[in-house]
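According to Swiss-Prot, the protein carries these features:
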type     : residues : note
DOMAIN   : 37-317   : domain 'Protein kinase'
CROSSLNK : Lys71    : SUMO2 cross-link
ACT_SITE : Asp177   : active site, proton acceptor
MOD_RES  : Ser342   : phosphoserine
MOD_RES  : Ser376   : phosphoserine
COMPBIAS : 379-391  : compositional bias 'Polar residues'
COMPBIAS : 398-410  : compositional bias 'Polar residues'
Amino acid sequence: MPRVKAAQAGRPGPAKRRLAEQFAAGEVLTDMSRKEWKLGLPIGQGGFGCIYLADTNSSKPVGSDAPCVVKVEPSDNGPLFTELKFYQRAAKPEQIQKWIRTHKLKYLGVPKYWGSGLHDKNGKSYRFMIMDRFGSDLQKIYEANAKRFSRKTVLQLSLRILDILEYIHEHEYVHGDIKASNLLLSHKNPDQVYLVDYGLAYRYCPDGVHKEYKEDPKRCHDGTLEFTSIDAHKGVAPSRRGDLEILGYCMIQWLSGCLPWEDNLKDPNYVRDSKIRYRDNVAALMEKCFPEKNKPGEIAKYMESVKLLEYTEKPLYQNLRDILLQGLKAIGSKDDGKLDFSAVENGSVKTRPASKKRKKEAEESAVCAVEDMECSDTQVQEAAQTRSVESQGAIHGSMSQPAAGCSSSDSSRRQQHLGLEQDMLRLDRRGSRTRKKAQK
């Protein structure tokens with residue numbers, strides 16, 4: 001799903017950027033730490049960059065089982081530079097491993113940064129970055145499954161995405177564009193999912209000081225229109241609550257097959273107003289997307305919790321995970337770390353032989369589509385504009401009034417969160433009664 005930008009509504013487009021020259025297999029690049037990397041075959045090309053298979057330099061050619069990829073673009077282009085800053089600050093292997101260890105995770109779906117540098121070829125300078133290699137993206141799998149994921153799979157995916165968001169948020173960044181095409185399966189383990197494309201990752205809290213809430217008409221509707229946050233619709237810089245709101249829309253689409261505003265994506269104001277209306281009436285959103293009786297109560301509780309967040313408030317990530325875990329219990333399941341991409345009907349798995357084939361294809365896929373890992377020229381210019389905006393004074397947001405700093409909100413808001421926890425317990429009890437009836 002392509003981004004829908006305000007540039008399409010009359011703003012001038014960015015200046016054209018140079019295309020990357022294609023390198024031959026076997027070319028050796030030397031990163032800033034003097035480590036050498038050998039290129040394999042190209043596996044993707046976008047508007048101005050290329051992606052190649054890569055491995056540490058040796059006398060052997062880089063094979064199809066290469067563990068890494070290298071992203072290359074002309075050094076005077078912007079996207080890779082922006083993405084590189086995120087990886088250097090937040091995605092070094094030792095940082096990720098420390099987080100996994102201290103938070104007792106099996107893995108963390110943030111690609112690891114292995115190195116970067118500049119490379120001269122034919123009198124031209126190129127910037128490159130080495131990162132992990134991945135398999136298929138979730139958008140392809142979603143479409144192959146008639147645009148449905150099972151309820152268990154949606155909840156499993158979302159738990160892992162919450163792990164990712166907590167990590168990048170704690171490292172002062174927000175993603176701003178969570179969607180299926182930016183979620184890639186591990187090349188070797190189809191039960192692991194990774195969030196990619198940090199070309200527009202926004203440093204919302206540099207040096208511990210949160211950006212202030214400020215609406216900028218020039219920035220309205222930034223992002224992928226059907227998923228972007230209400231803040232983004234109003235031209236406000238990305239924040240933690242925006243990432244969580246976007247994840248909520250993804251969950252609803254993955255489970256129901258659509259979002260209520262998808263019928264008129266040509267009108268950004270219609271999309272914005274629809275989201276505001278449904279944010280204020282989550283029950284109506286659930287009724288619209290899930291007209292059947294078996295509604296996913298955990299998603300409603302998640303959306304209710306997220307809408308209480310202030311612009312600068314630190315989310316209670318474990319509370320959100322607990323909501324989704326209660327949803328798994330309600331359907332008689334648990335967080336087993338398995339992603340089942342079988343065909344589904346009405347949120348339930350419908351087994352068919354082809355599902356094993358698709359899972360194998362997802363596991364063996366060597367395609368890292370450059371469109372899923374790089375941003376467009378328009379995104380680059382607009383990201384630069386966002387970073388240049390000076391935040392002056394707080395403005396009340398429709399989601400709630402911003403608070404100062406990067407801390408959590410006051411005790412009254414905590415009481416609202418406690419109320420949600422009580423709702424979660426009621427949801428769990430209803431799930432238990434449902435299972436007992438089924439056993440009888």
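The first residue you see is number 1, and the count goes up from there.
The backbone N, Cα and C atoms fix where each Cβ goes, glycine too.
Quantities reported herein were computed from a predicted structural model and do not represent experimental measurements.
Taking the features listed in Swiss-Prot, we show where each one sits on the structure.
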{"residue": "Lys71", "record": "SUMO2 cross-link", "Cβ within 10 Å": "26"}
{"residue": "Asp177", "record": "active site, proton acceptor", "Cβ within 10 Å": "25"}
{"residue": "Ser342", "record": "phosphoserine", "Cβ within 10 Å": "18"}
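Confidence for the domain 'Protein kinase' (37-317), expressed as mean pLDDT, is 95. Distance from the CA of Asp177 (active site, proton acceptor) to the CA of Ser342 (phosphoserine) is 26 Å. Note: the Cα of Lys71 (SUMO2 cross-link) and the Cα of the residue listed as 'active site, proton acceptor' are spaced 20 Å from each other. Secondary structure at the residue listed as 'active site, proton acceptor', taken from DSSP and collapsed to helix, strand or coil, is coil.
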